Amino acid sequence: MARGEGAEQYSNASLLQKPSPDGIKLAAKCESRSRLSVCNKLCYAIGGAPYQITGCAIGFFLQIYLLDVALLDPFYASIILFVGRAWDAITDPTVGFLVSRSPWTRFGRMMPWILLSTPFAVLCYFLIWYVPSVEQGRIVWYLIFYCSFQTLQTCFHVPYSALTMFISTEQKERDSATAYRMTVEVLGTLIGTAVQGQIVGMANAPCISTGEELNSTDLLAASTVNITGPHASLEHLRNAYMIASGVICSIYVVCAMVLFLGVKEQKETCRVRTEPMSFFQGIRMVMGHGPYAKLVMGFLFTSLAFMLLEGNFALFCSYTLGFRNDFQNILLVIMLSATLAIPFWQWFLTKFGKKTAVYIGTTSVVPFLVSVILVPSNLIVTYIVSFAAGVTPDNCTNVYALPDLVSMLPDVVDDFKVQNPESQGHEAIFYSFYVFFTKFASGVSLGVSTLSLDFAGYVTRGCTQPAEVDLTLKILVSPAPIVLIIIGLLIFISYPINEEKRQGNRKLLNEQRENEIDSETDSTELNVV
């Protein structure tokens with residue numbers, strides 16, 4: 001029998017059964033537990049800020065930090081950036097598997113992971129932005145702490161993402177909480193850019209005016225020379241990065257505590273229990289679900305496009321456009337316009353559906369990707385284009401969130417539950433692969449782009465770059481993202497869950513839940529008799 005037919009028969013059978021009074025009471029109790037207050041939704045949404053703040057800071061600034069502040073060779077910087085994210089190929093699915101098999105505690109099943117990982121993640125994040133005095137050990141230093149932070153961040157974000165399915169059983173409440181989360185995540189990118197960009201921007205180190213490539217020893221010696229004027233020494237710039245990381249670490253801890261204290265994880269008392277499955281069974285299960293596979297593959301290409309833009313935007317503004325001292329303000333303009341546009345795009349998503357919002361939102365950024373390399377280098381024009389680009393819902397500010405796609409994940413999980421009513425409790429596995437694809441795309445984009453700059457002849461801390469570097473940066477922020485966006489949208493054409501399908505799944509899940517409640521009530525009455 002086909003899965004779809006099984007689900008249909010299951011729902012038809014449930015319609016023939018009239019709920020008992022006790023079943024109605026239990027259903028009402030479950031429904032009341034599913035309602036979320038505004039405070040609950042805000043606390044849940046604030047928990048998503050640390051991932052966005054740190055992700056935004058790393059995405060926009062880590063590449064230029066490793067090249068121009070830590071003074072690493074572009075080849076070694078590309079290795080660090082790629083290996084750090086490729087490491088998540090192991091950690092993300094593994095953490096998702098371990099979370100799905102974690103026992104229930106008095107704090108829940110997801111919350112202990114979030115709480116315990118926070119202090120270690122904060123420490124590793126801070127050490128990423130510290131330059132050790134021993135030059136020979138810097139590559140190992142950054143590789144260790146970057147990989148460690150990614151692992152600990154996974155231990156935070158996979159349970160947090162899966163928590164969406166455990167704060168309420170009602171799809172409407174989950175969608176509302178996701179809308180709050182989307183808003184706070186964009187604010188998180190704004191905070192990350194403002195804190196990192198403005199603090200670092202006030203301590204710009206001088207560039208080196210030379211046609212010859214200098215090694216890191218020469219650059220370090222040049223930076224210690226007394227310089228008059230608005231520029232600071234390289235050591236001052238390094239201190240600025242550490243101050244910025246300290247501020248972000250404090251925000252990270254506060255957000256984690258708000259999430260822990262303000263959100264109550266609901267135990268699955270009204271859901272079917274299933275036996276735990278092995279790690280590879282879980283992988284085959286989620287990747288074998290067609291809608292999920294199409295969603296994450298489309299997500300992979302679109303997120304890769306925006307991460308290419310994000311990872312190279314600072315270098316593009318500094319060298320190709322010539323706005324070395326203004327790129328942090330340009331980023332801030334994009335963030336502000338994105339924040340202001342949230343209400344409109346949320347209305348658009350509700351009015352026309354999630355799939356339509358993905359198409360319109362993602363496509364609308366293409367004209368700005370074209371104009372960014374065709375418009376002459378002018379600061380005022382760049383600010384105008386940046387503001388207009390920020391209004392699009394899927395842009396370089398939202399590369400870690402892509403809010404329309406995030407809101408589609410619960411729909412895919414619900415679709416799996418409808419087609420597999422006998423198999424439940426695997427939400428963390430679904431979300432772990434979503435986190436993996438996000439980080440994998442970031443690692444590939446940063447690694448490939450940094451390696452491309454090395455081949456093009458990038459000059460560390462040079463005031464100007466060779467023509468080949470300028471051409472490479474233009475390709476990385478415009479043609480390459482456009483091609484990847486087109487591929488992602490072509491994949492989304494076959495994504496089967498539209499608004500009609502989504503509402504149908506919601507109805508079937510409600511019928512399944514009522515049937516399970518009735519069965520539980522009948523069993524209790526028989527035991528009493």
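Here the Cβ of each residue, glycine as well, is placed from N, Cα and C on the backbone.
What TrEMBL says about this one:
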type: TRANSMEM; residues: 42-66; note: transmembrane segment
type: TRANSMEM; residues: 110-132; note: transmembrane segment
type: TRANSMEM; residues: 139-160; note: transmembrane segment
type: TRANSMEM; residues: 240-263; note: transmembrane segment
type: TRANSMEM; residues: 295-321; note: transmembrane segment
type: TRANSMEM; residues: 327-345; note: transmembrane segment
type: TRANSMEM; residues: 357-385; note: transmembrane segment
type: TRANSMEM; residues: 475-497; note: transmembrane segment
Quick one: do the transmembrane segment (139-160) and the transmembrane segment (42-66) have at least 3 Cβ pairs under 8 Å, skipping pairs fewer than 6 apart in sequence? yes
Test the contact criterion for the transmembrane segment (357-385) and the transmembrane segment (295-321): 3 or more CB pairs under 8 Å, pairs 6 or more apart in sequence, then answer yes or no. yes
Stretch contact, the transmembrane segment (295-321) with the transmembrane segment (475-497), Cβ-Cβ under 8 Å, 3+ pairs: yes
Using a Cβ cut-off under 8 Å, which residues of the same chain at least 6 positions beyond either end of the transmembrane segment (475-497) come close to it? 290-291, 294-295, 297-302, 304-306, 308-309, 311-313, 316, 355, 358-359, 362-363, 365-366, 369-370, 372-373, 408, 411-412, 415, 449, 452, 505
Cβ under 8 Å to the transmembrane segment (42-66), counting only same-chain residues 6 or more beyond its ends: which ones? 36, 72, 77, 80-81, 114, 125, 128-129, 142, 149, 153, 156-157, 160, 163, 167, 177, 180-181, 183-189, 191-193, 195-197, 200, 241, 244-245, 248, 251-252, 255-256, 258-259, 261-263, 307, 310-315, 318, 331, 397, 399-401, 442, 446, 449-450
